[in-house]
Structure formats: C-alpha cells, structure tokens
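Report on the structure given below.
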C-alpha cells in the first residue's frame, strides 16, 4: 500500500507539470536556457545541465519550505489573506495585460531586455529562477501539492520528506529531460519563435483570468477575526491556535457548539456536493462515525457545508443529497460562509482535527483514506 502511495505522489508531480501555469512559460524557460550557452558543444551541454540542476534545486527548496513552514505562515496568511488576494490579483492582471501588449510597464520591459541580452546564465541566477518560479506556480499546482503535504503530515519526518521529494522529482523530471535533449528542444524553440507572440498572448489571458479570480475572492472574503486571549486561556493554547468556535444546526435540526465538545477529539470535514473527492471520501467518514460510537464517546465526527456558495446547492438540496446517499453523521450548514474564511478553506475536501482542549491539531486539504483518518484520530485519543 505504501508503494502505491509513493507511485501516486510521483505521478502527481508529473501531472502538476502539465498545469496551465507551467506550460505557457516553457518557451520562456527554453529561451533562457538557450541564452545560457556558448558555441562550444561540450561546454554548451555542461552549462545547460548545470543550470537545469540548479533550477531544479531552487524549485525543491521552495517546495520544502512550503512543507516545513506552512504552519508558521498560517496565522499571517489568515490575518492578511483578504488583502493578499486583492493586491496579488491586481498585480497578476497587470502582468497579464503586459503580456498581451495592452499595458506598458517600462520596468518589466527593461528586465526583459536584460534577460535577452544575457550571454550566460550564472549558477545563482538559475537557482533563484527555479525558486521564484515555483511560488508563482503554486496557485495552479496547489491542490496536488496540498494533497502531498497532507499525506506527508500524517507520516514520520523522514517518510514525509521522502514523499515530498518524490513529488518534487515528478515535477522536475520534465525540466531535466528538456536539458538532456537540449538540441531537439532548442530546435523546437526556433520553430516556436514565429508563434511566440500568440503564445505570449495566450499566457497573458490565462494570467488575467487567474488574477480576476483572486481579486474577486479577496473582495468577497470577510475580514478575519483573530481568536481572543480569553478563548485561548492557557499558555499552551496561546502557542497552538484555538479552533474558531461556532454554533450551527445539522440536517436533523440539532444545534452543535464546538466549545461544548471540549474533552473530546473533534473531526470536522468541510465538503461540497459537487466535489468528486468529497463524494469518494464521505462513505469512509460515515463508517468512521459508526465505528467511533456515533458521537457518543470521546470522538465527534462532523461534516460542514456552505449552502449556495459558488456551485454548492441550497440547504434543502444538500439535505436531500445526504438522505439519498444514506449518510447519518451530522452535517452542519454555515449559510453565512464565515467559517470558510476563519478556517482558511480554499479547497474541498478539507479536514480539521481538534484536540480535547479545543486547539487545532492540524488540517488536511485534500482527500484522505479511511486508514489515514483513523490513524490521525487515534493519535489524539
């Protein structure tokens, strides 16, 4: 089973390479590589491979930072995410307009001329290029990268790093292949040059769409409310974030208040009726709900939905879906969508594990197996 996980993680890395954020800039990447060589064939190949390996190292560094530092930056991201999305969205739209030629940005034009005039890329430049590009790609590869981070978080440190390494290897293998078959790739670049204007415009339109989506999400996002010190209580809970409290009603009309479950392990799964991974995960959650005593013992299983948010159905239609599928675990309805921001929900499904003292043990963005669910619950019991 573990071998299958390793293979799947590696394949996720390869499929991430095929995302719409990566493919449009490949001609640019090839152009940079072609400018990093001289006329000597042997020298050309060695410099090309060296720069590609450093480019890959830069990508790897960024991914490992995301893996090890995600909890450190979580509070900062929660607090300022609204403005990060608004400002970042506008910047991406601006870059998209620049790419299609509708916006004149002298600074970017100077930078572009500088790169094209560069005769040989320096090693540190190749490393920084990989490092910065990888952060630019995370909006598109985020779901797959998040699933790997989730899987890694349920394993020991060594095994978690191996999983992250396999994902990075899958993502960077195509870049290495480009370097190894550089002559064919550079010949391909020469053929693409006459279409470079169209390719750049297509990439620009993709950037504009991404930027507008980010900007719209930021505008509609409510302000983040930091948990109060009274909520946090002990010194331990000041260091570990308290789960934002809530009082919501489930499909049976029963009211649930999170703080009432102190002394119990709480498993909260945020899901949507239109989400295929959610639908695949729900039967396992139902089984776990029954196996752990149907919320009568020391483990509480809760679902969470946001009626009428984006593609989601109405509350009545969600209840109908639950009844048709035969799910009996309590599913709560946040019609204000306030918890979508307080819990930083940017993907479905997302699962939160709450300690007995009300602090957040961790969260998982992406589908979990039943075995993984049970494993992380047992760690907290």
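Just so you know, the numbers here start at 1 and follow the chain as drawn.
The backbone N, Cα and C atoms fix where each Cβ goes, and this holds for glycine too.
Features reported for this protein in TrEMBL:
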type: DOMAIN; residues: 237-381; note: domain 'Thioredoxin'
type: TRANSMEM; residues: 6-32; note: transmembrane segment
type: TRANSMEM; residues: 53-77; note: transmembrane segment
type: TRANSMEM; residues: 83-105; note: transmembrane segment
type: TRANSMEM; residues: 126-150; note: transmembrane segment
type: TRANSMEM; residues: 162-181; note: transmembrane segment
type: TRANSMEM; residues: 202-221; note: transmembrane segment
| note | Restricted to the domain 'Thioredoxin' (237-381), the mean pLDDT of the model is 89
| query | Using DSSP, how many residues in the domain 'Thioredoxin' (237-381) fall into helix, strand and coil? | reply | 50 helix, 36 strand, 59 coil
